[in-house]
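Notes for the one structure printed next.
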Amino acid sequence: MRTVIFRVSAPYLTSLMFLFSLFVLLRGHNEPGGGFIGGLIAASAIAVYGMAVGVEAVRRSLYFHPIVYAAFGLAMAVLSGAASVFAGFQFMTGLWAFPQALGGDVPISSTLFFDIGVYLVIVGAICAIALSLEERYSD
Amino acid sequence: MIAWYEQLFYLAVAFPFIGALVASPVVRLTGRLAPYILALFPAAGFLLVFALSEQIQGRQIMVAGFDWIPSFGVRFSFRLDGLSYAFALLVLGIGALIVLYSGGYLSKSAKQGRFFAFIFMFMGSMLGLVLSDDLITLFIFWELTSITSFLLIGFEHERETARRGALQALVITGGGGLALFAGLILIREVTGISSMSGLIDDPEAIMRSGAYVPILILVLAGAFTKSAQMPFHVWLPNAMEAPTPVSAYLHSATMVKAGIYLLMRMFPMLGGTPLWEIVLPLFGGVTLVVGALLSIRQSDVKLMLAYTTVASLGLLVMLIGIGSELALEAAVLYFIAHSLAKACLFMVAGSIDHGAGTRDIRALAGLWRTMPVTFAAALLGAAAMGGLPPLFGFLAKEEVYAAVAEAGPGLYAYLVTAAALVGNTVMFATILVVALKPFVGSLPSGLRKAHETSFLVWFGPLLLGVIGLLAGIFSEVTHQFISNPMAPPSIDEAVAITISVGFHLGPALYLSIVTIVAGALLYWKSQAVRARIAGILSAIGWGPDRGFDQLMRGLIAGSFRLTNVLQPGRLDYYMRVTFLVVVVALWSAMVFSGALPSGVPFPSLYFYEWMVLGLIVLGLLVVANAKSRLAAVVSLGIQGVAVALLFMLLGAPDLSFTQFMVEILSVAILALVMTRLRLMPADRRPWREVIPEMALAVMGGLGFALFLMSVTQMPFDSSVSEFFTRYSYTVAHGRNIVNVILVDFRAVDTMGEIAVVLTTGAAILALVRIRVSKKDRQGTRKKKRMAQAESL
């Protein structure tokens, strides 16, 4: 798998996939997409990078253990739901704000953060599984 | 508005449990004073209940409680009437003496605190049991007594026999408890009544329901196992492994009396039928005679007493079964007399063990010189148990004989009278052996060191013996405070018990004289009798006790065999079973409910949709014919991608998007793992394995297809999707309904799902690590061995 062409092109491919996954994540509320699909794309991106440069390099570039991202994502999802409790609504009620920026409305909501949490859980959990499997059989 | 007595109830029930909480610290902090302090808890409870005696004598019924699980109509409620009042007094009164006695008996034990905690928990469970009104509350306390007695019987758990005794008691009484649970639920279901009070107010409810026989059998199973009726009696002698204070408590006021309580309580609802009047005297009579004969066969004081308890319980069950007014009065009197006397005698047995160092009747003699107080207590206890005037036991025995003599038609009366006569005579002899043998005669040299025990140890039995004496002499007072309140709930109309020590002629007196004379003769010949019965028993060989062991062994062996069938540890087996179950469920549900789709419509598709379908079929064929596993995985992926394409063409972009990603990722991961595993070679199996699996696959696929078709033939209720379409943008500011549902409308679901994903990831990680670390360990072991070899 580790041909020169693949190894050279993999970082670009991965970056593009990541960018695309973020795009899919953020547009999810109105167009096909969302945290789950975005997370899957990001996980594939990491898998591609892992195939090209090896698990060790991926782990170094991730900095934290992948399961940490997943845990952080779950915490974020729960907290974004709890935010509405502090604001006096029921748990998981969506909160919305429409601040003006760059000459237009930028809708920001607690559901967006919830979706980002989903994204992180998917990326973290799948990467953790994939990386550990690769590692186990690469020795 | 809470009635004033409700607090008293709660307090009385709470006292033992508070005692259990503070027992350990009290023992640690106060040392030798601890038993006195701890005995205050049951004593205070006793006074609280006794304070209500005026109301009880006025036939007032006090009910207290609160809704516990309202949706199931379960309350946590208590009821104090005459019956529960008398039981509560005995539980708490004898309990206080037992606590004092244990303080002396276990004064040197390091586990004293724990022991007190257990015995208080047990006391509280028993008290809750006799006081509870709601059927479910009753069952919970019933099982609590089983569990706490398990802890008590197995208290000296270093010994194997203690562990076996505890387990046996738990298995038998717990099993009976489950039967009782079923019975109580059945009562709730068929009558719609969920409390004792309700049943007592409408005693015909169970008879009317038509489920009388199953209810009776289930309730009796609970009562008989708890109250050690043949053949469930085996746990009781084995429970002698418990420390003596526990035995004294278990046998007098608690545990084994729980079944008696239940029978007395349920008598108005279940009793009085021919079935009741045959089954109970039959079991009770057999238990009485066999228990008595087994008691005289023993040589260990505690075991002799244990078997007389079995016999006494048989007598009580027999009396409740006869069910006449006189018989129930006799049961009440005998119950009180037995509780007092048995507690006294068991504590005496403990004192003998403590003072002389042995409980074997053959090694004991002449202790009256060194242990005079214990001897006095033993005499009082034995006189009460044996039914000598003027003790309370005498009244009880007279009433018993009067009751059996006038019971039912001729043959019935003869049978129960004979059982009572034989049982009482042999029991009388046994009790004489217990109370006299260790004390009379000359002191053997081995017992020179025997000494009177401490105040705490002799106080309880002596007090109980004296109470037995006074209760008999001043029988009017006893009847007023205990016997009469206890009787009415069992008897239809209020009848006052008037029996006193005063002289009276009649069949009861003649039977008493026969009992005493024959019992004394039997005592004289007790050694010969013991040898004779032992001979008969060894000729029979097999008893319920061995039967229990065989049952347990069979249970374990059977469960191993069952586990081997159900859990062979082969993944392919599990998958085959799972799919088989799915297929059977699908097909049987559709065939039996007539939900098979009516005719299969020919689909009208565009040509590109046909092409995608063809792709799917092609992928499937390749999977089926794949020569290597890698090829199979990849072609399965193709098939999955084709399905995703179908989703997209039919207008579900989100679903199709996800399906694409899942397919790609799963193929990538599987391919990755497989290339590392080098599982390239094909997997070839013989046809006889392939054909059944193929059939299973076809049936499964066909089943799902038909199922989906029949679902789509149902009229479609679009209200939910209309709701989402309407409110998706106005409420959640999103035009993508799927995403809005996921992150807004049903976000809590999504949160649960991602929590599952996270947990799964962590679990897989852990599993993978286990394998790796095992390999690591092997590696380091090898290294160690090499290092050792080098150093040599």
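Cβ from N, Cα, C; glycine included.
Per TrEMBL, the features are as follows:
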- A:5-127: domain 'Na+/H+ antiporter MnhB subunit-related protein' (DOMAIN)
- A:12-29: transmembrane segment (TRANSMEM)
- A:35-55: transmembrane segment (TRANSMEM)
- A:67-92: transmembrane segment (TRANSMEM)
- A:112-133: transmembrane segment (TRANSMEM)
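With a threshold of 8 Å between CB atoms, the same-chain residues lying at least 6 positions outside the transmembrane segment (A:112-133) that come near it are 21, 25-26, 28-29, 34-36, 38-40, 42-43, 46-47, 50, 55, 58-59, 62, 65-81. Away from its own ends, the transmembrane segment (A:12-29) comes close to residues 35, 37-39, 41-42, 44-46, 48-49, 111-112, 115-116, 119 of its chain (Cβ-Cβ under 8 Å, at least six residues beyond either end). Helix first, then strand, then coil: DSSP counts for the domain 'Na+/H+ antiporter MnhB subunit-related protein' (A:5-127) stand at 89 helix, 8 strand, 26 coil. Here the domain 'Na+/H+ antiporter MnhB subunit-related protein' (A:5-127) returns a mean pLDDT of 87 for the predicted model.
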